[in-house]
Amino acid sequence: MTHDNKLQVEAIKCGTVIDHIPAQVGFKLLSLFKLTETEQRITIGLNLPSGEMGRKDLIKIENTFLTDEQVNQLALYAPQATVNRIDNYDVVGKSRPSLPERINNVLVCPNSNCISHAEPVSSCFAVKKRANDIALKCKYCEKEFSHNVVLAN
């Protein structure tokens with residue numbers, strides 16, 4: 001029996017590959033982190049087969065590298081993700097997101113009375129690890145929410 005080990009998503013010469021994104025989360029990451037606001041080529045793989053996860057999403061962004069802050073902000077959506085730095089088609093660095101203390105300019109406060117909806121301010125949430133959950137506390141209204149509530153917003 002032979003195995004077909006072809007790449008299902010084309011390799012990139014230089015840039016970032018975000019791998020092991022839970023299935024159905026890839027598009028959310030693209031929009032929340034404004035990854036599409038670039039002139040660079042972006043390749044997206046959705047519902048790809050994965051031995052570990054069953055199915056996964058994958059994002060490849062050419063000639064773009066994520067900051068440590070951006071990598072860590074992925075932890076809310078894709079805690080098992082691997083962020084690979086690619087140079088000349090080789091993986092030259094790997095990192096995994098770890099939960100940051102704060103998340104800025106990404107999420108929207110679910111409190112409709114929060115000042116962040118009416119004023120031109122950047123969103124800011126403090127991240128707090130709980131026993132079975134992650135809580136996010138808005139800097140402006142000071143209300144605390146389960147991360148699932150904020151992510152669904």
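Cβ coordinates come from backbone N, Cα and C, glycine included.
Predicted, not measured: the structure shown is a model, and the values here were computed from it.
Feature annotations, courtesy of Swiss-Prot:
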BINDING   C109, C114, C138, C141  Zn(2+) binding site
Other CB atoms, at most 10 A from the CB of C114 (Zn(2+) binding site): 19
Other CB atoms within 10 A, centred on C138 (Zn(2+) binding site): 22
Winner by Cβ contact number (other Cβ atoms within 10 Å) across the binding-site residues C109, C141: C109
Listed in sequence order, residues not in C109, C114, C138, C141 with Cβ within 8 Å of the centre of the Zn(2+) site Cβ atoms: P110, N111, N113, I115, S116, H117, K139, Y140, E142, K143
